[in-house]
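Q: As annotated in TrEMBL:
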ACT_SITE  E104  active site, nucleophile
ACT_SITE  E108  active site, proton donor
DOMAIN    24-218  domain 'GH16'
CARBOHYD  N112  N-linked glycosylation site
SIGNAL    1-27  signal peptide
Amino acid sequence: MGISSNGLSLVLLVGLVFSSLMVATYAGNFHQDFDLTWGGNRPKIFKGGQLLSLSLDKVSGSGFQSKKEYLFGRIDMQLKLVPGNSAGTVTAYYLSSQGPTHDEIDFEFLGNLSGDPYVLHTNVFTQGKGNREQQFYLWFNPSRNFHTYSVIWKPQHIIFLVDNIPIRVFNNAESVGVPFPKSQPMRIYSSLWNADDWATRGGLVKTDWSKAPFTAYYRNFNVIESKTSNSFAEWHTNALDAPSRRRLRWVQKYFMIYNYCTDLKRFPQGPPVECKH
């Protein structure tokens, strides 16, 4: 069926209204969007700003941060993690504000012995308080190819995604007294560092420095940034559609290995209140 001129005008009008709510999606350039913040010559940007690498050796790790701060939006980054025996290493990719009451949204990739899976560690800090860990194995080898790790941050919720599959939702539970990160802009950070005192099997497996330098790669940084928190809230208030909810259940059933909400030893008086919302 064809579309009438009036119908076409309506479609265009809806498109204009939608675009006015959002800043356009753009693919970032590491030269333009990030600063290499520590690690001497270990962090590198190449391919005209399209590829970034972080390295870790026995002397130091390395890191970078975004030039801009963001308040609500969708952040995508493709990572290819340290291959082989990555035990003791941590590749952290996260958003954070500054100060003792900072907010933070974390992906941390805990290395492991060759042949054993990485552990993907997630956490949410609000007003300086974290302790909201959920951990997962991945359904692929994250060191073999690039995969996309995303955060959707809105006033209603935070969604963690891997290759556009939701793995975790942290809902706004301010109505029951739980602070939610919604007023402090955050920068994007990433670092590759040695944490063999705790990262792999609680520190039992140490870093094998004969395998150094350890290197992780980044590409295809992308942002959909909201102009205001209200406009982003109007853009899409529902957390997940039905297919996404099914994918979330699949990940949490088969790949989640730790959930603070079910840790009765840690919370003998019952889980934190946000776990019920």
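In case you wondered, yes, glycine gets a Cβ from its N, Cα and C as well.
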Q: State the count of C-beta atoms found within 10 angstroms of the C-beta of the residue listed as 'active site, proton donor', not counting that atom itself.
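A: Around the Cβ of the residue listed as 'active site, proton donor', 19 other Cβ atoms lie within 10 Å.
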Q: Within 10 angstroms of the C-beta of E104 (active site, nucleophile), what count of other C-beta atoms is obtained when all protein chains are considered?
A: 18
Q: Does anything in the same chain, at least 6 positions from the residue listed as 'N-linked glycosylation site', have a Cβ under 8 Å from its Cβ, and if so what?
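A: Counting only residues 6 or more apart in sequence, the Cβ neighbours of the residue listed as 'N-linked glycosylation site' under 8 Å are S86, A87, Y118, V119, T200, V205.
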